[in-house]
């Protein structure tokens, strides 16, 4: 890739970035990842003469949190454009933590993000993306395959997005109703891009916060984000909207919890419109002891047929991810 196609951000982690155990919130890292992706995508989309635009986040592929980051460490976020279609940009982002006292470094996150460029003159218009040069033809072919796969998955996710979370009276511990949580947020100017729509990173940070509350309520221990399945941004959220971020537990294994999170937007200011589903994702959390060692997770007690169905679906995703990880480890061992 060309040097102009890469970008790096660095920031020291402060106490307000972390939980009470000193582990940096997954949402803080996700926000930094999105900022790096938005900068490089917007810069690239305006690199040729044409209509001025801003890159808007459309999707984040599965993101694994490989190692926790702590207060006082420096997060180095590097982003690189790896594929462009006519109307979208794929960005690969790596996050490395650095202990500035010892110089020790480790990779903490790897993520893939998809952006679409929206015109500054007409926010509903998607402008064309300047093509990039590939070192090999195979890179373009592989990128096109990833583009088609994410496009299909986004469509399927949007079609099954009709669920709502209802309050439960006097729920029993370790049930879905006991830990489910919601957060209400009024979208202000500081949350938004130049176009007046919410930054994807702001939304992801709120989603991680709600997912963390659900996990903590279920375990009553220190919890950290282990991974995030694909985050799909179905519709833009405008300044002045009130958003409701809702989370519920869907599946537990012996040492992990899957939490479904979705964001609903209520437009109040400019346009009279009914509430709509804007974003959806699955977060995976693990429970840790005070020494940072994994702890067993209490089994989720499912009560309704819908909860049992969601548990089986979550189990399927868990087993699929586990099988994929084992295959990758075997492949790495053979190299």
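In case you wondered, yes, glycine gets a Cβ from its N, Cα and C as well.
Per TrEMBL, the feature active site maps to 19 (among others). A simple way to gauge crowding: the CB of residue 19 (active site) has 15 other CB atoms within 10 angstroms, across all the protein chains here.
Within 10 Å of the C-beta of residue 208 (active site) there are 26 other C-beta atoms, taking all protein chains into account. Residues or ranges marked as active site by TrEMBL: 208 (among others).
Residues 176, 250-251, 253, 258, 260, 282, 300 of the same chain lie 6+ residues outside the compositional bias 'Basic and acidic residues' (306-316) yet bring a C-beta within less than 8 angstroms of a C-beta in it. Taken from TrEMBL, the feature compositional bias 'Basic and acidic residues' applies to 306-316.
Helix first, then strand, then coil: DSSP counts for the compositional bias 'Low complexity' (326-335) stand at 9 helix, 0 strand, 1 coil. For 326-335, the entry in TrEMBL reads compositional bias 'Low complexity'.
The domain 'HotDog ACOT-type' annotation in TrEMBL covers 3-121 (among others).
What TrEMBL records for 177-291 (among others) is domain 'HotDog ACOT-type'.
Using a Cβ-Cβ cut-off under 8 Å and counting only residues 6 or more beyond its ends in the same chain, the region 'Disordered' (304-335) has close neighbours at 62, 176, 227, 229, 250-251, 253, 256, 258, 260, 282. What TrEMBL records for 304-335 is region 'Disordered'.
Residue 19 (active site) sits 12 Å from residue 208 (active site), taking the CA atoms of both as reference points. Taken as a whole, the domain 'HotDog ACOT-type' (177-291) shows an average pLDDT of 93 in this prediction.
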